[in-house]
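Asks: As listed in TrEMBL for this protein:
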- 65, 66, 82, 83, 84, 85: GTP binding site (BINDING)
- 1-146: domain 'C-CAP/cofactor C-like' (DOMAIN)
């Protein structure tokens, strides 16, 4: 028998509370009427609603469905979800991983950054919630109620440090979770999203489904960012033959048989020399792996556009 009290934080003030890994296990959760609290859900859940919270710091592990903030103000949050919505909120600062386009409504002073967090159970929780670590449209905000001449949302500073916003938990019980907020250990690759690109040269790299797809993609991200290139966006999506023809053009025949194994993982890198950098890294590090990589600077921007146009349509963005 599920006791709703185990899945609710209500009417708390000046407290640190949370749930350890395994304690929510895909149930829905409610947080309401909390003030000056630090709240940590270190588990996956079905949906979460957060109502009438003021000046709280909130961490929410992977949410299979939607998270909905209503009538909240002055909160700092780290959130991973399928859908993100706010209504009648003021001054929320959110490090976000969201599989679909985040929506704000009647909300002002909203700031967004890319989710970055690690603890040992988090990767499996993403899987249990049906979320891909590569599908994150954190900066692609849709404002449902724009006001002419005003901007209701913006991006957090690029050098924003997660712990300055949502500190690590201070309670003995929650300290048992082995957290790292080091960007290089983040379970989610940290992307630039909609921020201004530093160069007019991008490169598209696509890994095909297999046992090491995620590890290979992460390895390339580490190699490329280590060389000073920027990761703009990532995507994990299933492709059909006709889509592969559009994206991979004359190279499609060699990749189409690989599509049946499962979804592809695509990465966009940016920076002067990105195409050459990707090609040489892939030759050095992934010699036995079939990978699509843009052929030239001239074709690369079209590759990126072709792939993400198809992927956004597929994801319903």
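Cβ coordinates are placed from backbone N, Cα and C, and glycine is handled just like the others.
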Asks: For the GTP site as recorded (65, 66, 82, 83, 84, 85), determine the largest distance between any two Cα atoms, in Å, rounded to the nearest integer.
Replies: 11
Asks: Determine which residues of the same chain, besides 65, 66, 82, 83, 84, 85, have their CB within 8 A of the center of the CB atoms at the recorded GTP site, and list them by sequence.
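Replies: Near the GTP site, beyond 65, 66, 82, 83, 84, 85, sit 47, 63, 67, 68, 81, 98, 100.
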Asks: Roughly where does the domain 'C-CAP/cofactor C-like' (1-146) sit in mean pLDDT, to the nearest integer?
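Replies: The predicted confidence over the domain 'C-CAP/cofactor C-like' (1-146), as a mean pLDDT, is 97.
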Asks: List the same-chain residues at least 6 positions away in sequence whose Cβ sits under 8 Å from the Cβ of residue 84 (GTP binding site), in sequence order, or say none.
Replies: 66, 67, 94, 96, 98, 100, 102, 103
Asks: Counting every protein chain present, what is the number of Cβ atoms, excluding its own, within 10 Å of the Cβ of residue 65 (GTP binding site)?
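Replies: Other Cβ atoms found within 10 Å: 15.
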Asks: Only counting partners 6 or more residues apart, tell me which same-chain residues put their Cβ under 8 Å from the Cβ of residue 82 (GTP binding site).
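Replies: Sequence-distant Cβ neighbours: 63, 64, 65, 66, 98, 99, 100, 129, 130, 131.
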Asks: Quick check on the domain 'C-CAP/cofactor C-like' (1-146): DSSP residue counts for helix, strand, coil, in that order please.
Replies: 11 helix, 73 strand, 62 coil
Asks: Under 8 Å between C-beta atoms and at least six apart in sequence, can you list the same-chain neighbours of residue 85 (GTP binding site), or say none if there are none?
Replies: 66, 67, 68, 69, 102, 103, 104, 105
Asks: Hey, what's the Cβ neighbour count for residue 83 (GTP binding site) at 10 Å?
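Replies: Residue 83 (GTP binding site) is surrounded by 17 other Cβ atoms within 10 Å.
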Asks: Validating a neighbour-count step here. Other CB atoms within 10 A of the CB of residue 66 (GTP binding site): how many?
Replies: 17
